[in-house]
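Asks: Quick one: this structure, given as structure tokens, is what I'll be asking you about.
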Protein chains: 2
Amino acid sequence: MEKRNLLLTIAYDGRAYHGWQIQENALSVQEVFQGALRQVIGDDFDVKGCSRTDSGVHANQYCISLKTGHRIPCERLVAALNRFLPMDMAVKGCRSVSLDFHARYSCKGKEYQYLIWNDPVRNPFLDGRAFHYWYPLDTDMLNQAAQAFVGKHDFTSFCTLDHRERDNMERMVKCCSVSREGSLVTFRVEADGFLYNMVRIMVGTLLRIAQGKIPEDGIPAILEAKDRSKAGPTARACGLYLNRVFYEEDL
Amino acid sequence: MEKRNLLLTIAYDGRAYHGWQIQENALSVQEVFQGALRQVIGDDFDVKGCSRTDSGVHANQYCISLKTGHRIPCERLVAALNRFLPMDMAVKGCRSVSLDFHARYSCKGKEYQYLIWNDPVRNPFLDGRAFHYWYPLDTDMLNQAAQAFVGKHDFTSFCTLDHRERDNMERMVKCCSVSREGSLVTFRVEADGFLYNMVRIMVGTLLRIAQGKIPEDGIPAILEAKDRSKAGPTARACGLYLNRVFYEEDL
């Protein structure tokens, strides 16, 4: 049977999952997704995710390429998968793409957001979905400080040590913002790619700036140092959302 | 020890709870709240909630009056309770009120909201927190139709039969709106009081109007009929939130 290649977009609340990738002894998004897929089209599939994503991280838009010989129409596949998936996961769309498309390698950029509930009292509706930070944050100042991330930089200082890739630590950050709506503070960043834990370390560094432990204009020097120990700690996974994934045709 | 009377406001995600009131064989908000209270101030308390609330209903602001001889300052009580409460519940504030204040009987009005996720695809972040309705809703039309609720009316048609109070079925609806933000549709209603299931039956009736099964201008006739069977079904509890509770001094 001739293969087709499909691009599926899903959303999931990551609280129950140890990231995308299938692994032993821990439930993953991929395992649950493939389980639903098996119910609908049997075993004839090869699935590629757009990125790993850590345990507890959420996705408003996660992209999957799916090679299959099965002829189910896109619309019916979406409806059927949503019936077999748990309530914390949903397929949002599906379309046919060329056979050489790969959810990860064809990706031209991504946007992440990080949510901080900035209030003395926790929000019972955001448990596991936003990082709770008690002390008032000056979001205008943080937004100003975060502009130093924009541009092409070596992000070695913003990458967890064990996961350094040898070759290229440069990434192009297109835009970056810190904004507030009531008690909810959102950090949003778009780049052509992200190193391991890069967004969470960016957020941890901004919180250090908020605490006065790193100067407001300290980010350029941290980038320059290419030294993980100069940046702030890795912020908790619960606040992180993969928001958008960009491919050639979208740009 | 001389008693004090405190007004506490809490918020909770109602998914795990069978409403406010303590009952056998089911977990209630009151039981969990009193459990935390016992850890902090012992057994010297008498707690009154501002309303019952159904199983699975949420609260952005629920009010409790608490009589106690314990002298713990308000701020410390809030912090201590939040340490003992589960993550789906939080105390937002506490203040001293006169001894004759009663969370339920002193209440002058309430505001509820009902959330509808109006999209072909469910939202993994709103499971149990919004009613998922697939077919497109014309919120401008529904907002127009809902204006017929405003004013002083006999709401017998919008009260579950078993729970009719004999005397007074009149309630004064101050304002009422249907609005949209992306796929999220919000019905909001403020009144001097609500009959049992009143908001959920209002929403069920608006959905019947959306389906063309009740005319757009049909609400006055349903009110007039004083007949539960003329209104729409009771919408699911999961979309309902107690938003605000009004007392004399706030008005």
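Placed from the backbone N, Cα and C atoms, the Cβ positions cover glycine too.
Straight from TrEMBL, here's the annotation block:
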ACT_SITE  B:Asp54  active site, nucleophile
BINDING   B:Tyr112  substrate binding site
DOMAIN    B:10-106  domain 'Pseudouridine synthase I TruA alpha/beta'
DOMAIN    B:145-248  domain 'Pseudouridine synthase I TruA alpha/beta'
Asks: What counts of helix, strand and coil residues does DSSP assign across the domain 'Pseudouridine synthase I TruA alpha/beta' (B:145-248)?
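Replies: Across the domain 'Pseudouridine synthase I TruA alpha/beta' (B:145-248), DSSP assigns the residues as follows: 38 helix, 32 strand, 34 coil.
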Asks: Quick one: mean pLDDT on the domain 'Pseudouridine synthase I TruA alpha/beta' (B:10-106)?
Replies: 96
Asks: Provide the number of Cβ atoms within 10 Å of the Cβ of B:Asp54 (active site, nucleophile), excluding the reference atom itself.
Replies: 16
Asks: Provide, as an integer number of angstrom, the distance between the C-alpha atoms of the residue listed as 'substrate binding site' and the residue listed as 'active site, nucleophile'.
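Replies: Cα to Cα, the residue listed as 'substrate binding site' and the residue listed as 'active site, nucleophile' are separated by 13 Å.
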Asks: Helix, strand, coil residue numbers for the domain 'Pseudouridine synthase I TruA alpha/beta' (B:10-106) per DSSP?
Replies: 27 helix, 29 strand, 41 coil
Asks: Mind giving me a neighbour count for B:Tyr112 (substrate binding site)? Other Cβ atoms within 10 Å of its Cβ, every protein chain shown.
Replies: 24
